[in-house]
Amino acid sequence: MRLDLTQPDFKAAIPILKKIEAAGYEAYFVGGSVRDAILGLPIHDVDIASSAYPAEIKRIFKRTADTGIEHGTVMVLDHGTGYEVTTFRTESRYQDFRRPDHVTFVRSLAEDLKRRDFTINALAVRHDGTIIDLFDGLKDLQHHQLRAVGNPHERFHEDALRMMRAVRFESQLGFGIEPATKAAIADNAKLLVHISVERVAAEFNRLLTGIDRRAGLQDFIETRLFAYAPKMAAHETALTQFSQLPDTQLTSLASGWAALIFLLRTQPLVMLKAWKQSNELITLVTQTVKLLQVMPNPTAWDLYQAGEAAVTTASEVQKLLTPDFDQQQLAEAYAALPIHSKKELALTGADLIKAGVRPGPAMGKALNQIEQRVVAGALPNELKKLLPIATEMSQDRL
């Protein structure tokens, strides 16, 4: 079988493979780009593996950068876009269950491929498109199956993050996990505690937005990986409930986290801080969960306080929780608000001061009451109508 290499990212990198081969070494496309190209998915980073050692790559090409030379990776810059070329290697013991204690450069493609995580990621492609498949990766791609290369227990002891990658790929690609590989995840789930929260979160985030979220979550639960993830151990019931929701692919990470946290009935700040998520995500999920608590019939003030992003996110989550929920009606209700932020309010504190109102708590309270009444439609958003009412409310004149 040959892979069509006319995609721009591959096509642009073919001269690099040819130049390495012309110097007497082997060079192949490897990794996720090969897998995704075979599946007909968009490809992203193109990785190249070679029998040439780093010093030899640097002699072959005029412009290079040492991006990870201790692990055999050199960035080749000769052809515009940089391409990482990594020397074939074997790895020794993994005492921290994440990084090898020692890396040895080798000349054998087979030795390099057998250390990889799953068979679908252990394919190599020559510059003419010829596919090298030493571990039946093509067969597993055909059957939509995730299977560890060689002994799965060894693969997960080498790098415990691979277990999270398995459930992430299950969701992202819509693949199933081969029974022996799944059993090995269950046997080794406790090793996940050795992996940094950031790395675990990166995989879980991608699981939440995959095309088969249910399958990924179900195996996350069945293999007990969840028990070793931040703040998840006590929430098997809610996680199971989450995994049973319709498998509609979510459009945003915030929707996934908001749905999960709403079902967990836990504080968004506590959970998301434990998972080391961004402040931006924490704010949006917090606003969304607050709105979900008054759904499906929020007031105009609820919608106004939530803001457009949280309304959109809550709408998607509510549709997941209640399939007959009318998202269009919610969108129209938000769009129909007289104002959508305080900046749009016709009355300001400066207007009140100019009218003789003393700055202070009374003025702030009056402005807040005016804002709420305008949002509710009880008052028109017109300065000439709002100013006398707010002035009277303040009752604290100069």
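Cβ atoms are placed via backbone N, Cα and C, with glycine included.
Positions annotated as CTP binding site by Swiss-Prot, on the basis of sequence analysis: G32, R35, R116, D159, R162, R165, R168. Taking the Cβ of G32 (CTP binding site) as reference, residues of its chain lying under 8 Å away and at least six apart in sequence are, in sequence order, I43, H44, D45, D47, N121. According to DSSP, G32 (CTP binding site) is assigned to a helical segment.
Per Swiss-Prot, the feature ATP binding site maps to G32, R35, R116, D159, R162, R165, R168; the stated evidence is sequence analysis. In the three-state DSSP classification, R162 (CTP binding site) falls within a helix.
If you look up Swiss-Prot, you'll see D45, D47 marked as Mg(2+) binding site. Neighbour count (other Cβ atoms within 10 Å of the Cβ, all protein chains): 10 for D45 (Mg(2+) binding site). DSSP assigns D45 (Mg(2+) binding site) to coil in the three-state reduction, placing it in neither a helix nor a strand.
Compared over the binding-site residues R35, R162, the count of CB atoms lying within 10 A of a residue's CB peaks at R162. Of the residues the record lists as binding ATP, namely G32, R35, R116, D159, R162, R165, R168, the two whose Cα atoms sit farthest apart are 20 Å from each other.
Sequence-distant contacts (6 or more apart, same chain, Cβ under 8 Å) of R165 (CTP binding site) comprise D117, F118, E203.
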